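Single-structure report; data block below.
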Amino acid sequence: MARKNSSLNGSESAELVVKKRVLEESELSDSEDERIEVDGLIDEEASENEAEEAEDDDSDAEFNRLLAEEENGQEEEYNTSDFSEEGDAFSITDKLSNVKLTVIPETSDEGIVRTKYSDGRPRILKSEINPVYDSDDSDAEAKNTIGNIPLSAYDEMPHIGYDINGKRIMRPAKGSALDQLLESIELPEGWTGLLDKDSGASLNLTEEELELINKLQNNQQTDESVNPYEPLIDWFTRHESVMPVTAVPEPKRRFVPSKHEAKRVMKIVKAIREGRIIPPKKLKELREKEEQDSHNYDLWGDAEEISEHVMNLRAPKLPPPTNEESYNPPEEYLLTPEEIDAWEKMEPSERERNFVPHKFAALRKVPGYSESVRERFERSLDLYLAPRVRKNKLNIDPESLIPELPSTKDLRPFPIRCSTVYVGHKGKIRTMSIDPTGLWLATGSDDGTVRVWEILTGREVYQVTILNAEENNDDHIDVVEWNPDSTTGILAVTAGENIFLLVPPIFGFEIENTGKSKIEYGFGFDTFGNVKKSNLNVNSDDEDDGAESHAVKKQVAQWNKPTERQAANDICIVITCRKSVKKLSWHRKGDYFVTVQPDSGNTSVLIHQLSKHLTQSPFKKSKGIIMDAKFHPFKPQLLVCSQRYVRIYDLSQQVLIKKLLPGARWLSTIDIHPRGDNLIASSFDKRVLWHDLDLASTPYKTLRYHEKAVRSVSFHKKLPLFCSAADDGNIHVFHATVYDDLMKNPMIVPLKKLTGHKIVNSLGVLDTIWHPREAWLFSAGADKTARLWTT
C-alpha cells in the first residue's frame with residue numbers, strides 16, 4: 001500500500017508540474033481576457049499525459065523506481081491525513097477547476113499576473129524574460145540545467161544530471177583514443193583544451209571571441225562604435241586675443257604670499273622636525289631597514305656591553321701599502337736580476353723587504369699572496385709578546401706654539417737691496433773692515449793686496465801689496481781690521497805668520513802722525529829699564545790644579561821694524577808669530593788686540609799690547625783647536641771659541657767664568673752683542689746659535705736657515721740687527737731686540753734674505769760687517785767682489 005501511495009504521489013507530482021507549465025503558457029497567450037475558464041484545457045492535457053505515461057511505463061520504470069527511492073525518505077514526514085481517501089477522491093483537474101486567474105490592467109506593472117494559491121494566499125506570476133536583441137544571452141546556446149552540482153557526483157553514472165523536465169542528461173560521447181590523438185594534432189578552430197563544467201564537453205571559443213582576441217593581439221580597437229579618427233576640436237586657439245574677456249583688476253592677494261599657506265607650511269615643517277611627519281623617502285628607508293633587521297637577526301643584539309679595561313690598548317693600525325707593494329709599480333721599484341740574486345742569497349732576517357716587487361698587466365692576473373698567513377702570524381706574535389705603552393697625546397694648537405712676531409714694516413730700517421759693488425780684486429775677498437768714522441772700507445784678497453774704498457762713491461783710494469801671490473801660494477790675507485780709535489787710523493793686516501800694522505795715507509797729517517807715533521812708542525818702552533812681563537796665565541778650565549809656573553816663557557812673538565820696502569808701503573811694524581794667524585780682534589780702547597793661531601797649540605791665543613810692543617799667551621795649554629777669540633765690549637773678559645765650546649775668561653782674576661755648549665760639530669766664528677749679555681756663533685753644520693749669557697749654557701735659539709756652512713755672523717753696533725752669511729751665497733738679516741727687563745727674552749725676527757754673490761768652488765759669502773751708524777751691510781764673497789746693501 002505504501003508503494004502504491006508513493007507511486008501515486010510521484011505520478012501526481014509529475015502530472016502537476018506538467019499541468020502547471022501548460023497553464024502558464026495558456027495564461028500568457030490568452031492574457032487579453034479578464035477571466036478565463038480552464039477546466040476543459042486541463043482535462044484534455046491530463047488525459048493526454050495519462051496516455052503518454054501508460055505507453056512509457058516500461059521506459060520510465062527505472063525513473064519511477066529512482067523517484068520512489070528518493071521519496072521513501074520523506075514518507076515518514078507526511079501525515080496520514082494528507083494521504084487519506086478523501087483527498088484521493090478529488091483529482092487534480094477538480095482542484096484546479098476552481099482556480100481563477102486575474103490579469104492586471106495595463107496601468108499596472110506589465111507582464112505581472114496576480115493569483116492565489118490553493119490555500120488562498122496571494123501569488124504573483126511574472127512573465128518570462130523577453131530578451132532584446134542586444135542582450136548578451138539572447139543567442140546563447142542551451143546550457144546544462146543540473147544546477148550547481150559538481151560533475152564528480154555522477155562519475156559512476158551514465159548521465160550527468162537532469163533537465164527541467166526531469167529527464168536525464170546523458171554524458172556526451174567520447175571518441176576513441178585515435179580520435180583524441182587526431183583532435184590533439186589537428187586542433188579545431190576555437191580549441192582551448194578545457195572542458196565545460198556544466199556539460200562535460202570540450203569548451204571552444206566562438207567566432208566573436210576569436211575576433212576579439214585577434215584585435216587585442218594586433219592592438220586594434222575592440223569596440224566598433226568608437227571612432228579613433230574623430231575630427232579635432234580646437235578648444236584653444238593659437239591666435240592671441242587682443243581684448244580681455246573680463247577687465248576686472250587683479251586682486252592684491254595674487255601678488256602677496258599667502259599667510260594661511262605659510263602657516264600650514266610651518267606646521268608641516270615643525271611636524272617634520274619633531275618627527276610626527278616622516279618624508280616618504282625617509283619612511284621608505286626606515287621600512288627597508290626594518291625589513292633588513294627582521295631578516296638579519298643580530299645574534300648578539302641582547303648581549304650586555306662590557307666596558308674595556310682602563311689599561312686596555314687597541315692594536316695599532318697596519319701601515320698603508322707603499323709603491324713597492326703595488327701590482328703595477330713604477331719601473332724604478334722593480335729589481336734587476338742581479339738585485340734579485342743578491343736578495344735570494346741574503347738571510348730572511350737581513351732582507352729589507354720580505355717580497356720581490358712584480359708587475360702585472362691587470363689586477364685579475366695577480367695571484368694569491370703567499371706571505372699573508374706568515375705576516376698575520378708575526379703580527380699576532382708582536383701584539384701578544386711585544387710590550388706597548390700608552391702615550392698621551394697633547395692637544396696643543398700648533399698656532400699657539402708660534403710666537404706672535406711684529407710686522408717687518410714696523411722694524412725698519414734694515415738692508416733690502418744692493419747699492420754698490422766694489423770690483424777690483426783678482427782673487428777671493430776673505431776679509432773686510434769699516435773705518436770707525438764710517439767713511440772707508442778696507443778689503444783683503446787672495447791676490448795679496450789690501451784695498452781701501454770710499455764707501456759712498458765706491459772709488460778705490462788706496463792699494464798696498466802685502467804678499468806676492470805668485471811666489472807665495474800657501475799664505476794669503478786672512479784678516480783686515482781697523483783700530484777702533486778713530487784718531488789713529490791704524491789698520492791691522494794678517495798674512496801668514498805676520499801681522500802688519502800700517503797707516504794708509506788717506507786721513508790727513510794729524511791722524512796719520514798720531515797713528516805712527518802710537519806704534520813707535522813701544523820701541524822706547526824698555527829704554528828706561530822696564531821689564532816685559534810674559535807670564536800672564538789664565539786657567540783654561542776648572543780641572544786645572546791652579547799651580548803657577550814662575551819660569552819665564554819663551555818669546556811667542558817678535559815685534560820688528562819694517563824694511564825700507566815695507567816702510568814705503570806705509571807699514572809701520574811687523575809682528576811675527578809661530579804659526580799662521582787666522583783671526584784678529586781689537587779691544588775697544590785700541591791698545592790691545594787678540595790673535596788666533598789654530599795650529600800653535602798652547603800659544604793659539606795671543607794678546608798683543610800696542611803701547612808696549614808686548615805679546616802674552618794667556619793659556620799654558622789649549623783644549624782643542626781654537627777658531628776665534630774676542631774681547632768683551634766693556635768687561636775685562638776674553639771669549640775663546642774652540643771647535644765645540646765657547647769659554648769666557650776673566651782676565652783680571654785669570655779664571656774661567658763660563659763654558660757655553662752650543663751643540664754644534666764645528667764652530668766657525670762668534671760675535672758678541674754690544675750690550676755684552678748675548679752671543680751668536682756660527683758653525684760649519686749650517687746653524688746659527690744664539691746664547692743668552694745670563695741663562696743656561698745651552699743655546700736660547702738655533703736658527704737653521706742656511707743650506708751650507710755658515711762663515712760669518714755679525715752684530716750691528718747701534719741698531720738691533722744681526723746677520724749671517726754662508727757658502728750658499730745668501731745673507732740672512734734678523735731683527736734682535738734685547739730688553740732691559742731681565743724677565744723678557746730677546747725677540748728675534750727674520751727680516752730679509754739677500755742674494756747676489758755667486759758661488760765659486762763651493763764658496764759663497766766669506767765675511768760680513770755692519771756700518772758703525774747706518775743700517776748698511778757690507779759683504780765679501782768668493783766671486784772677487786764686495787757689496788754694499790742699503791735700505
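Backbone N, Cα and C atoms are what each Cβ position is placed from, and that goes for glycine too.
Positions annotated as region 'Disordered' by Swiss-Prot: 1-60 (among others).
The compositional bias 'Polar residues' feature in Swiss-Prot is assigned to 1-12.
Per Swiss-Prot, the feature compositional bias 'Acidic residues' maps to 25-60 (among others).
Residues or ranges marked as region 'Disordered' in Swiss-Prot: 68-87 (among others).
Annotated compositional bias 'Acidic residues' per Swiss-Prot: 69-87 (among others), in sequence order.
Annotation source Swiss-Prot lists region 'Required for interaction with NOP7' at 254-372, citing similarity to another entry.
The annotation region 'Required for interaction with YTM1' is assigned in Swiss-Prot to 372-408 on the grounds of similarity to another entry. Counting residues of the region 'Required for interaction with YTM1' (372-408) by DSSP class, helix then strand then coil, yields 19 helix, 0 strand, 18 coil.
Per Swiss-Prot, the feature repeat 'WD 1' maps to 424-463. If one looks beyond the repeat 'WD 1' (424-463) by at least 6 residues along the same chain, the residues whose Cβ comes under 8 Å of a Cβ in the stretch are 469, 472, 476-486, 489, 491, 493, 495, 504-506, 760, 763, 766-767, 769-774, 778, 780-782, 784-786, 788.
DSSP assignment over the repeat 'WD 2' (472-512) gives 4 helix, 16 strand, 21 coil. The repeat 'WD 2' feature in Swiss-Prot is assigned to 472-512.
Swiss-Prot lists 576-618 with the feature repeat 'WD 3'. Helix, strand and coil counts under DSSP for the repeat 'WD 3' (576-618) come to 3 helix, 19 strand, 21 coil.
Residue counts for the repeat 'WD 4' (621-659) under DSSP, helix first, then strand, then coil, are 0 helix, 22 strand, 17 coil. The repeat 'WD 4' annotation in Swiss-Prot covers 621-659.
Residues or ranges marked as repeat 'WD 5' in Swiss-Prot: 662-701. This prediction places the mean pLDDT of the repeat 'WD 5' (662-701) at 94.
Taken from Swiss-Prot, the feature repeat 'WD 6' applies to 705-744. Below 8 angstroms of C-beta separation, residues 408, 411, 413-415, 668-675, 677-678, 680-688, 690, 694, 750-759, 762-770, 772-773, 775, 777, 779, 781, 789 of the same chain, each at least six residues beyond the ends of the repeat 'WD 6' (705-744), sit close to that stretch.
Annotation comment: Swiss-Prot describes 760-791 as repeat 'WD 7'.
Using a Cβ-Cβ cut-off under 8 Å and counting only residues 6 or more beyond its ends in the same chain, the repeat 'WD 3' (576-618) has close neighbours at 475, 478-479, 481-485, 488, 490, 492, 494, 496-499, 501, 518-519, 521-523, 525, 530, 532-534, 536-538, 553, 555-560, 625-631, 633-634, 638, 640, 649, 651, 654, 669.
Here the repeat 'WD 5' (662-701) has, by DSSP, the following mix of helix, strand and coil residues: 0 helix, 18 strand, 22 coil.
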